[in-house]
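> Okay, so TrEMBL annotates it like this:
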DOMAIN    17-158  domain 'MARVEL'
TRANSMEM  21-42  transmembrane segment
TRANSMEM  48-71  transmembrane segment
TRANSMEM  91-111  transmembrane segment
TRANSMEM  131-152  transmembrane segment
């Protein structure tokens with residue numbers, strides 16, 4: 001077992017990561033992703049919304065795992081993906097997330113438009129318009145945060161910067 005770094009160094013690394021661009025982006029991805037899937041899952045949904053829920057929960061869990069592995073500086077323990085490949089792993093994750101969030105946004109916009117008829121004050125029945133509109137906004141914010149991470153990671157990769165923070 002390798003020697004453990006001093007407690008002050010661990011706190012310094014955690015603080016440094018949380019103040020970095022990638023740390024802030026990961027926190028935003030986790031918050032927006034949770035907002036999306038909680039908004040959808042807390043209400044009645046059907047059909048193509050299942051895809052949106054799948055994308056939101058899958059990438060929320062993967063982002064959570066990447067966040068904590070990087071936060072705790074344990075990415076070297078991940079076989080095949082850690083160590084020197086960690087930046088590429090993060091970049092691949094962000095590209096896949098952005099690519100799958102784009103059709104999810106399309107689904108949410110379509111569903112929002114299909115329920116726009118019930119956005120009237122006098123409409124008495126259950127209306128999912130505001131729920132789908134909120135979910136579409138969360139999906140857009142989530143995709144934007146992943147796209148920013150892709151640009152940031154691509155710039156770091158092209159400059160040959162270190163794999164961590």
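Positions of Cβ are set from backbone N, Cα and C atoms, glycine also.
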> Using DSSP, how many residues in the domain 'MARVEL' (17-158) fall into helix, strand and coil?
115 helix, 0 strand, 27 coil
> Find the average pLDDT over the domain 'MARVEL' (17-158) in the predicted model and report it.
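For the domain 'MARVEL' (17-158), the model's average pLDDT rounds to 88.
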